[in-house]
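I have placed the structure first, in the form of structure tokens, so that the comments after it can refer back to it.
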């Protein structure tokens, strides 16, 4: 029996909000204790070559090669192809599958396959369920209603949600519902019947209840019989993290300069003030739309933004940093087919109509910043707040580290596990790496020509008005300044602390590569940033430190033939991940 079912779509919506010391309201329940766990495996290129039993011959299309591999690795599994496969600019094809049982998703059972330019298998990762399937849920007389599941989620998490007059409306998918007339949520709550692999390796039939409560956007897995909470994914992550020319982090590092036609036409063919269909005389274009948002509201099209027929913009808005970073990321491989943020994709793959909404001086908070990352085809949203740690208060939009850190959460969420599955960095460890990637990329663009491996960088020092920054340690190759190592993670229970460990490891590897090659491509460590981005596309959903390290090594094999294996290994090994 052919077990591949074409084509399914994953509708999980991600709100990855990673910010600075925040004024947000904490959840009444400890959501950290309800995080899902992961049983993800990653088989790297070395192990693939050593284990011929997993090798499959290249077929006419890379999706067929990938499907045959899944059938070989997990015989008898029923799965569907997720409609976001693509070939990256390094020639590697990436294919994603979701396991199903009795025609409904197993929500945390994913499989990703990477094949090289020659069509041969490079690496793969998966969290497929391999146990005995339960009987069909259709035979279950105790199946709870979606309204009961919504009530269970509200009560268990103490959500300020009124559902006295709620009604249900069938959505597009099987056993998928929208709740109307619920009060207290940003948008109508939703429920979908799915299976969930539990930590003990068994399957639970659950209602996945989605509630966007503004401060917390939750997917709550409620047992379909008992209304027990099996786990929660919170796409809003409060952080304790932290325009000027690219490379200038904040006003302490230089003066504002006038840039004329600063766009890269390879990455932004319509420039920064056109989307290929309309030309604008304001801070709007194909990649982003920037404006003042003092009320903190969700509407943005008619917000105040400067307009100048000469396109002369000298205002404290974040479009320059965001657009510049879009162009750099495009060169690094975050393009249309991978799920980048653009209004017009020019038929180059992926889903468009999803530029980044940039809210400057957003009035919904202070001393903070956040980024909302829905699946490909829905705009990302960055909210930049006023910082009150100084007198007068400072505008966070002037800190490039804030903008880059937040933007990169959109990148990491769309590259890991595919652009339609924006929930693949939600375990404690993978969420920590999400924080670490943001810190590292924000630091990497600050590297200057006269920096050496003895140079250290803090995070958020300007915005927080504290030279120590907002992390426990600066990013440094010196153990005297930063003693963190892999074993430090054992005592950590927060994603931001874990992220500092991960970013420290990347900082070590970066300097090994800079010492080897110098800065011939300019001050930015392009090679390391490229390996980080390419590794994200290879790694599995909800990976751990070891798996991401291996994905970076695999990315180097693709890019350079493995010429930097020793430098990469030494960097990770120095911090205990050898």
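Just so you know, glycine gets a Cβ as well, placed from its N, Cα and C.
TrEMBL does not curate its annotations; it predicts them automatically.
Worth saying up front: this structure is predicted, and the values here are computed from it rather than measured.
A helical conformation is recorded for residue 406 (active site) in the three-state DSSP classification. Per TrEMBL, active site is recorded for 406.
For 238, 405, 409, 435, the entry in TrEMBL reads Zn(2+) binding site. With a 10 A radius on its CB, residue 409 (Zn(2+) binding site) counts 28 other CB atoms from all the protein chains.
TrEMBL lists 81-128 with the feature domain 'FTP'.
The signal peptide annotation in TrEMBL covers 1-24.
The two recorded residues residue 406 (active site) and residue 435 (Zn(2+) binding site) have their Cα atoms spaced 9 Å from each other. Counting residues per DSSP class in helix, strand and coil order gives 0 helix, 31 strand, 17 coil for the domain 'FTP' (81-128). Reduced to three states, the DSSP call for residue 435 (Zn(2+) binding site) is helix. Of all Cβ atoms in the protein chains displayed, 28 besides its own lie within 10 Å of the Cβ of residue 405 (Zn(2+) binding site).
Within the set of recorded positions (406, 435), the lowest number of other Cβ atoms found within 10 Å of a Cβ is recorded at 435.
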